[in-house]
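The structure under discussion is supplied below as structure tokens; questions concerning it will follow.
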Amino acid sequence: MAPRSCALCLKAKSMLKRPKTGQQICRDCFFYVFETEVHNTIIHSKLFNPGDRVAIGASGGKDSTVLAYVMKTLNERYQYGLELFLLSIDEGITGYRDDSLETVKRNQEQYDMPLKILSYGELYGWTMDAIVSQVGRKNNCTFCGVFRRQALDRGAAMLNVDHIVTGHNADDIAETVLMNIMRGDIARLGRCTSICTQGEDTIRRSKPFKYAYEKEIVMYAYFKKLDYFSTECIYSPDAYRGHARAFLKDLEAARPSAIIDIIHSGEAFEIKEEIKATQKVQQTCQRCGYMSSNPLCKACTLLEGLERGMANSGITDRGRRKLDAEGPTPDNLRTIPFFRRPSGGYPAIAVELPS
Amino acid sequence: MSTISLRIEFGGGLELLFDNKRSYRIDVPSLVPKDNSTDAENLSTKETKPVDVDYLIHHMRDNMLKERVELFMEKDTVRPGILVLINDTDWELEGEGEYRLKDGDEVVFISTLHGG
């Protein structure tokens, strides 16, 4: 096939077909439109204020590596006035996270950003390796997910940042929409498409890649020769998400706009007021001070189960009853250090609403 | 039998299925069976075509892939979610599987399916 020239500059040879628009464009125009679209997302959603301290949740994988690079580029190009940090969570998974953290450490030098690594071992006294050796490979992703979410907030508090940005891309969000529909999880369905969650949480969290296709992120990393790490977590089958993902990729192959269409339909769902009213009121965990919808937050509940040798107590009601039957929580139980919010001053009690 | 020489690169974790090696130099026949079968013995009895990317994918499956074919191929082509670049250009611009390979071409396969 004869090489065609770029649909935008009309000069250079086109190098890729944009899944979002079908346009055939050259490498330089691709860099420009990709970066500009992320910039437009940031500006339209008013994600940042000048002077904000922003932590980039960095795993060493493709999305967060590209996010760090693009955030640095845009912050300089458009003078956002942000102070950028890399924040990594070390789950303590030998042969997986230790390798990917090496990538993050290189990114720290390449992008000249301060890096904070917070480990599960340091925060909870349990690495994922230790958790898996106690609970097996069935529910370990529950522990990891709950612990990571809280660890990111705590790491952000240590950095005293105003905001966490994560590399979630359009494909991830479309997958989550599908999963929430399949599970009938109406509260999460309402929340999962919002670009920024605030009020629900202690520290603002947003997804500047909400509209960026995974294909373009990978192409961007490839053309820019960015240094990223790609290995599947050795413990994670996350089978359910895997099926949603394979299904979504099949849809995308048939019609590339499917991804953005699914995000749009997730956004279009409206939740009735009376349903919202039944959702739990946000409170503060009695034991560790973290945001919670119960007297004890999920991480404290899971940690107590681990410490008392009844890891299932945080997962099933039956496990919980068994734990309660064993007697009250011992005084010398290991707990998570008390959570101190950064100086911003967010309301301690907020009703959990889709924003 | 005349052959052409290709450079194959893997990225995004796909190399794990190919002996954890990111880069290969391989030779493939310049004429191959139309049905993409890779056992060269009965080539004379078959209809042939100039070698293309569809054939290359079958060649890789039968001669290079070490494990878990379902993570590489689906329905006679690469699995959705694997990006293919031919000489650094998105294969969607080059006719995908029908692209006719030339001596010295570089073909890159990148998985997008691994964690972010």
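Each residue, glycine too, has its Cβ placed from N, Cα and C.
Automated prediction, rather than curation, is the source of TrEMBL annotations.
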The ATP site in TrEMBL lists A:Gly57, A:Ala58, A:Ser59, A:Asp63, A:Gly167, A:Asp172. Which one of A:Ile42, A:Ile89, A:Ile93, A:Ile195 belongs there according to the record?
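Record source TrEMBL; matching candidate: A:Ile89.
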Quick one: of A:Gly57, A:Ala58, A:Asp63, A:Ile89, A:Gly167, which binding-site residues have a CB closer than 8 A to some CB in chain B?
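Near chain B - Cβ to Cβ under 8 Å - we find A:Asp63, A:Gly167.
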Per DSSP, what is the helix/strand/coil residue tally across the domain 'Cytoplasmic tRNA 2-thiolation protein 1 C-terminal' (A:283-312)?
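DSSP composition of the domain 'Cytoplasmic tRNA 2-thiolation protein 1 C-terminal' (A:283-312): 12 helix, 4 strand, 14 coil.
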Which residue, out of the binding-site residues A:Ala58, A:Ile89, shows the minimum number of other Cβ atoms inside 10 Å of its Cβ in this structure?
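The binding-site residues A:Ala58, A:Ile89 were compared, and A:Ile89 has the fewest Cβ atoms within 10 Å.
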What is the total of other Cβ atoms whose distance to the Cβ of A:Gly57 (ATP binding site) is within 10 Å?
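The answer is 23.
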Give, as a single whole number between 0 and 100, the mean pLDDT over the domain 'tRNA(Ile)-lysidine/2-thiocytidine synthase N-terminal' (A:54-232).
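That region's mean pLDDT is 92.
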